[in-house]
Amino acid sequence: MFSLTKSVLFTSIVAIAAQATTAVSSPTQTSLPGLASQVPNCVAVCLRNLHESIGCDVGDIVCLCKSKASLISKVGLCVVGSQCDFEDASSSTDIVRDMCDLVAEDPGTAVIASASKVLDAVVASATTSDIEAPTSTNAAGLVAYDVVKVVVVGAAAAIAI
């Protein structure tokens, strides 16, 4: 039941953010391949698990970013549903948004190809062993942690749109 509540809350935040018309900050001054190399392990695992439902190859940044809001929402929900550490959870949608913003600026075929190769390698090397699995001794703490992740990732998604 609590998981459904988290999903509904996150989806509501994303829907509200989609209606917002405020300007967002420009992406960082990092290159597209540089951003692809900074994708946290947790986000890479999510991309590996989500790319087929999005309809793109995992390293096809242009395809993944065609529906930026949907990609950010799906990555955010995946991160919230996993046991990612707080830092990865809070930066997950920022890095995806920044990559898609740079793709939208059409940096050229060579840059996109390079970034796609980097992202493909990052996703291929991502492991689930670094992601904490819940145990009976930490379950209560994880509930509070999950609530914090919902708020942080939801806020990041709201800014991304």
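Using N, Cα and C of the backbone, Cβ positions are placed for all residues, glycine too.
In Swiss-Prot, Cys63 is paired through a disulphide bond with Cys56, chosen from Cys56, Cys78.
Of the listed cysteines (Cys46, Cys100), only Cys46 is recorded by Swiss-Prot as the disulfide partner of Cys78.
Comparing CA positions across the disulfide-bonded residues Cys46, Cys78, Cys100, the one lying closest to Cys63 (disulfide bond) turns out to be Cys100. For the pair Cys56 (disulfide bond) and Cys65 (disulfide bond), the Cα-Cα distance reads 10 Å. Annotation: Cys46 carries the greatest number of neighbouring Cβ atoms among the disulfide-bonded residues Cys46, Cys63 [cut-off 10 Å, Cβ to Cβ].
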